Amino acid sequence: MIQPMASPSNSSTVPVSEFLLICFPNFQSWQHWLSLPLSLLFLLAMGANTTLLITIQLEASLHQPLYYLLSLLSLLDIVLCLTVIPKVLAIFWYDLRSISFPACFLQMFIMNSFLPMESCTFMVMAYDRYVAICHPLRYPSIITNQFVAKASVFIVVRNALLTAPIPILTSLLHYCGENVIENCICANLSVSRLSCDNFTLNRIYQFVAGWTLLGSDLFLIFLSYTFILRAVLRFKAEGAAVKALSTCGSHFILILFFSTILLVVVLTNVARKKVPMDILILLNVLHHLIPPALNPIVYGVRTKEIKQGIQKLLQRGR
């Protein structure tokens, strides 16, 4: 039975030093079974992304701008998975629900900053495909290792700076009563609702920053793929058009899935009273797990050069 840290009688005097995470309150007896698919997805995400990183690092033929961007995406996926899933599994397996005040806000910062970093990486990769298909002769002079280095710095700095105020503002609130978070993770709104203060500023900043970052990235992604589609439809060689549509189509579908599930999570958090709590919690967990599991498959394993790189590494190991 989960007990809050302070009772109503002393909630105004006893500060909160840790939080308790409650996962799927209506399915407590099913948590061990729920952990099985989550564990498999976690192992898939970690294994696939680690394999992709090692392959790109060790195979000299993959030391190219696009694959460096794939490495960045895999690194972001690994950090996101390690930030969220081990704690969720610890709750399921060992009932370790407590999370310290600093750890909670560190998790919040990583989640809030790394998800926009992923969308920004998708945007740069979409631009890479746009240049490769629409301006193939200029591709080597535009998409260089120096370009990727600058883009990577921009991705990290922009999102870290603009999302840092979210956990900072939330941590500055006073927590002096209920300490049970109705979630598996330290989501900003789930934590803010436990504070004794008005957190309107937090909600406004998260909304503006989140939609500014994600909205601008998604707009540029869709714009890039619009130009790509227009260029592909003009291809005279049918085989080239089919190949380009197959590759870029799978990328676009994955990005669409990523943005859709993120939009659903945001909307369900806003309308949380109309959405079953367990559904809301499940969505919060899955949108940190499914994209990291799918990214290396769609962007990596389906790529001929990546397959060849993995085969070479396996042959060396024999």
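Cβ coordinates come from backbone N, Cα and C, glycine included.
What Swiss-Prot lists as disulfide bond is C104-C196. Annotated N-linked glycosylation site per Swiss-Prot: N10, N188, N198, in sequence order, evidence recorded as sequence analysis. Per Swiss-Prot, topological domain 'Extracellular' is recorded for 1-32, 83-106, 168-203, 266-280, and the stated evidence type is sequence analysis. According to Swiss-Prot, the topological domain 'Cytoplasmic' annotation covers 54-61, 128-146, 225-244, 302-318. Residues or ranges marked as transmembrane segment in Swiss-Prot (evidence: sequence analysis): 33-53, 62-82, 107-127, 147-167, 204-224, 245-265, 281-301.
Recorded features from Swiss-Prot, shown on the structure.
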residue	record	Cβ neighbours (10 Å)
C104	disulfide bond	23
N188	N-linked glycosylation site	24
C196	disulfide bond	15
N198	N-linked glycosylation site	10
C-alpha spacing of N188 (N-linked glycosylation site) relative to N198 (N-linked glycosylation site), in angstrom: 14
Sequence-remote partners of the topological domain 'Cytoplasmic' (128-146) [C-beta within less than 8 Å, at least six residues beyond its ends]: 65-66, 68-69, 224-225, 227-228, 231-232, 244, 247-248, 251
Segment proximity, the transmembrane segment (147-167) to the transmembrane segment (33-53), 3 or more C-beta pairs under 8 Å: no
Intrachain neighbours beyond the topological domain 'Extracellular' (83-106), with Cβ under 8 angstroms and 6 or more residues off its ends: 2, 16-23, 31-32, 34-35, 38-39, 42, 114, 167, 170-171, 181, 184-186, 191, 285, 288-289
Most Cβ pairs under 8 Å with the transmembrane segment (147-167), selected from 62-82, 107-127, 204-224: 107-127
Tertiary contacts of the transmembrane segment (62-82), as residues 6+ beyond its ends and Cβ separation under 8 Å: 42, 45-46, 49-50, 52-53, 55-56, 110-111, 114-115, 117-118, 121-122, 124-125, 128, 143-145, 147-148, 151-152, 155, 288-289, 291-292, 295-296, 299-300, 305-306, 309
Rounded Cα-Cα span from N188 (N-linked glycosylation site) to C104 (disulfide bond), Å: 10
